[in-house]
Amino acid sequence: METTRTLHRQLTTDSHTTSLPIPSLSWLTTLIPSTTSRNIPPLPSLLATARLRLLSSDLSTPGLLDPSYVSSHSFPPSLTSGHHPTTGYPKDQTLPQDVLVQVLDIVNLSRSKWEVVEELESIERGEQTRGREVIRLPTTSNNPDDPNDGVDMGDGGTQTQPTTTTTTAQQQAAAQAKERKNATHKLTLQDPSGQRLFALELKRIEEIAVPQFFNGKMVGGTPIGCKLLLKKGTKVARGVVLLEPGMVKVLGGRVEGWGKVWERGRLERVRGEVNLVQR
């Protein structure tokens, strides 16, 4: 039990610099083997294990975090209890304290839903990769002294030229990089007490992007379950958190299994949203 308390004190002290949440004593007990003191891992090893598991855990799991931390790092109930029937949401608010959240959903608002549906359907058909492409160029040289200028080479006036080819994956990566630069993301966030709010990028935050999957594995973007720290003073407008650089700290992490479930259901979700708009 003394090891558990020591671990808890150290994580509490480190939280001021790492911004990681403070776990409960009961949860920390599960990290320590129930063996003799000689077989207990050293403190640095236990600290590393605790930090890793915190980032990969569901923040709303009962008993995971210290109760005082949950109350001091959650959204004020006034933000999540819904708008007032007559006055609506307050127009301008700020978070009165730092709030720890995890990402449940990310949408790029700069892309139309139809674009997303078409992309996901092409991936579903197995068109995500096509190997290498050969570019066929016209044989016209624009040189009046070239005897072959304008001569049909037997392939409809074109011939295959050796060119530098780019894989589809590389082309996709370049397109995604350009898209990320100009994107505006809407996120669904959840705090340690289970409260949920939407968030919107007021200014671009480079670490935030829609998760990208390749053959069932995530290859880029922000993982579902990623932890963010919304700093005290972050703006909230009509119940929506406004994200901007300097007011959001991306802590990282993911919840195992959440990403795959999110990706599997993504096409049907967007299709449903498109159908609602068309009605």
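Including glycine, each Cβ sits where the backbone N, Cα and C put it.
Annotations in TrEMBL come from automatic prediction, not curation.
These figures come from a predicted structure and were not determined experimentally.
What TrEMBL lists as compositional bias 'Polar residues' is 73-84.
Per TrEMBL, compositional bias 'Basic and acidic residues' is recorded for 122-135.
If you look up TrEMBL, you'll see 158-168 marked as compositional bias 'Low complexity'.
Across the range of the domain 'RMI1 N-terminal' (19-61), the DSSP-based residue counts are 21 helix, 1 strand, 21 coil. According to TrEMBL, the domain 'RMI1 N-terminal' annotation covers 19-61.
Under the heading domain 'RecQ mediated genome instability protein 1 OB-fold', TrEMBL lists 88-266. Over the domain 'RecQ mediated genome instability protein 1 OB-fold' (88-266) the predicted model carries a mean pLDDT of 76.
According to TrEMBL, the region 'Disordered' annotation covers 73-93 (among others).
The region 'Disordered' annotation in TrEMBL covers 122-168 (among others).
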